[in-house]
Each structure stands twice: as structure tokens, then as C-alpha cells.
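Everything on this sheet refers to the single structure shown next.
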Amino acid sequence: MIIETTRPSSTGLGRFVPYLRNEETVLRTKLDCFLLIWMFIAGIMKEMDQSATTQAYVSGMKEDLALYGNELNWFQTYFSIAYAIFIVPSQMLQTKLRPSLWLPFAEIAWGVLTLLTYKAKTATTIYILRFFLGALSATSWPGITALIMTWYTPTELAFRLAIFNVSDVAGAMFLGVVQAELYVNMNGVNGLAGWQWLFIVSGAITILLGLLGLLIVPDSPANTRAIWLTKRERKLSRERLERHGMRAARLIPSNVLRAKLLLLVRHPLTYLYIAAFAQNAWAHRANSYILLYLKGVTDSAGNKLYTTYQVNLIPLGGYGLQIITNVGINALGDWKGWRWPIFVGSGLVHIVACAILTVWPSNHPTIMFTYVLTYGTNAGGPALIAWLAELLRVEPEARAIIIGMSVTIVYVGHATIPLGAWKAVNAPHYIIGFPLALSLAAGAIGVVLAMRFWFVKQYPDFAQTGYGKGEDSHDASEVDNNSEKFDAELGAQATKAIVNDQHRS
């Protein structure tokens, strides 16, 4: 374990709470209380805004707007197309603009669009709103993930990534509760349906959160101006990353950005990571349509088994399981230094669940159990991202762009795969979707094993050198020719940190 060299804190709560007497503990607690909580709520609202259309669809919008075709699939498709187009440009902008301005601005703007959806009268209007909502929200998940990777050390990273990652699950849980209550208590108020109130409430909260983000988002340790961090804490945030051989992200000129792009598109890690990340994300679409399954379940007499209120609440059990397994398993991963074993283990369980859904048992309890089981197989995502951060610990700009590229590929798939594999008219037994999810999960495991047993052995020094040595060394030398001394010192720190990481595992 890396020995902390920070001095004890003798001010503030540290006088009364022993846990807060170490200044690095105080800094980490501040990051969790300000940055991580804001990120978590931002993730909740992104999921609410993104999924509100599906929730509204099963809560009266389908009937009110006469949406009896594949409009629901197209709502997601238009969103995903815009998301895929704008995500990498947004990540590149974040290397040029301060995240403390860019992220909150985008949050406020898409909150306005979400709110305006309540006035939609046709599917065409929703298509337009969903496209621009996708464009603006493209900055959120990868941008926030990049911030987490630049503020937390490897021994803290997967746990925080998991907390942020389950924010979309918490958002889905919150969305279900909110829509259920709005359907019961607000349906018809001021002449608006319950599903319309969902867009109003969700959009208004998002706008407020964006305004708070202007005060909370701290940029990078290299250039932070956060009012809730002291001068000493800003310096400490840089020092503790350096002890782990990590470089904080910086605003970089265009020529440096172009050079880094050239390096990463020529490196095998980029394509291995994208292949693992994308296949894993596509495989976990297997439980995305549980609401349609619940809406269509009937009893022996042919009557619907669940009311609209129950349809909105039943998935909460699966969401709860996802939160517990995701956060708990990745906390263990940080402690033990496990990355690829978590990904492989959770992926194997997902394969079993998809195999059962492919067969499609004849009894409802078995199907429900298997659907719920798929919610407990998501721990591999944060573990994979944390592994990327460790491999690219001296390349913060590259890892942010690779995350953006990965999510772009994912949303290209989200925009196209459902049109053939997850058609709403084929619900609830997706004869193409479930076998495809099984195959994708197996493919993702295969790629991660290749990363572990081929890439790590082929490039044993990559974590401490980044793109600075090997066949790309000439290009890498042009990336930042003013920081050679710093890079040498950072490389030494990275080597020590990697040795300690290996001792943990």
C-alpha cells in the first residue's frame, strides 16, 4: 500500500473527529460530499430525463398521442444518433474549456428541453426534442467519468465510479416512484396528464442542478478554482495524484490534442477497450424492456396482471440489487486491486441469465427471477473503466477521449440494434435480442482476457510511460515538449505505484 505523507489537520472538524485529522482524508471527504454527490444526482437526473419518454409511454402517453407503431424505438434512436455524433466533440471541447462551465451549461440546456416535452402533441415533435436532448446530454456521462478519473487515486477509483455508475439505476428507481405518484396524484391537475407532469418535474430539477454545478464542479487538480477547496487542498490534490504516478488533466492547445489523437488511434489498447466496453454495454440491454414485459403479462383469464402503478414500481427490486452488487463488488475491487476478474465474473453470470431468457421459460416467476438476476451483473463496467485509468495514468486527455469514443460506439449500437433485435412489437420474447446479448457478453469477456494475457505482457511498461516510448516515441515527444522533467519524475512515481498495486492484488 502507498504510504500517505500528508500532515495531520488541526483545524475544523479534525479537532473533534479523529477520522478527519489527516488532511488527505479531509480532502477526500470534501470531494465525496461536494463533487461525488453532485455527480451522483446529475447521473440520476440524466437517467430520468433520458428515460422519461419510456416511462411516460407506459403511463398514458401511448394512448394520448396514439403511438401504436415503433415510435418508442424511434424516440431512443433519435436520442442515440445525436448522442453518438456529439459525444467525442464534447470530450474534445472539455480539453479546451473548463468543465466547471461546460458541464453545467449543458445540464441547464437539456433540462429546458425535457421540460418542454410536456407540450408535445405529435411523435415528430418528440423526435426533434429527443435529438437535441441527446446532443446536449452527450457531455454528461463521459465528462463526469473523466473528472472522477482525474480527482481520485487508483485505490479509490472503482468504488467512486461504481457509485456514479449506479446513479442511472437510482434515477430509474426514482423515476418509477415519481411517475407512479404523479399518475395517482397529479393526473388531470391543471388539465395535464400524469406523464406530462413527469417532464415538468424532471426538467425543473435538472435546471436547478445545473445552476448548482456552476459552484460545485472543480475542473481539474491542475487548474481548479473551486471555492470549496482551500489553497493547500488544491496543492494536495495534485501531490496525491503524483504519488500514484498519475497526471492531472490540463487544458491543452489544439496541436497537442491532434498529436494525442494520432497516438491513441494507432494504439491497440484503444480498440481492445472499445470492443470490451461496447459489447458489455450492448449485452446489458437485456433488461431494458422489462416494463413492456410487465405491461403485457396476463392472468389465466386474459386480464392484465399488473396495474400501471405496479408496472412502475416492480423493477425497483432489480435496481436495488444492481446498486448493492455494483458498489459492493467494486469496493472489494479497490481493496484487492481486482479489475479484470470482476469483469469476467459478472459477465459469466450475465451469460447464464441471457441463456435462460433465450429459452424463455413458460412460467412467469422464472422469467421474473431471471430478469432480476441480470440487474446484478453490472459490476464489470466500473472495474473496466478503473483499469483503463490505471493503464493510462499518465495520459488523462487520452483516457477521456477513449471513454468518449467508447460511448459513441455504444450509442451507435443503441441507435441501430434495437430496431432489429429489440422491436417493441416483438415484446416480450425477443427471439433475436436475448441470444445477441449472450453472444456480446461472451465477446466482451474474450476481449478482456486478451487485454490481460496479451496486452499487459506485450506492453509491460505502458502504465508508467504512456505513449512516450516504443514505436510511437517520435510522435509522443512532440505532444508536450515542455514537460520532459516532470514526465520523468512522474514515470518514476508511476513505477512505484504499479509495484504497490501489484502487491495489493
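The backbone N, Cα and C atoms fix where each Cβ goes, glycine too.
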From 268-289, 400-421, the residue range that TrEMBL assigns the feature transmembrane segment: 400-421
Among ranges 26-50, 126-150, whichever one TrEMBL labels transmembrane segment: 126-150
Per Cβ pairs under 8 Å, the stretch of 65-88, 126-150, 157-177, 197-217, 340-360 packing most closely against the transmembrane segment (366-388): 340-360
Sequence-remote partners of the transmembrane segment (65-88) [C-beta within less than 8 Å, at least six residues beyond its ends]: 50, 53-54, 57, 120-123, 126-128, 130-139, 142, 401, 404-405, 407-409, 411-412, 414-416, 418-419, 422-425
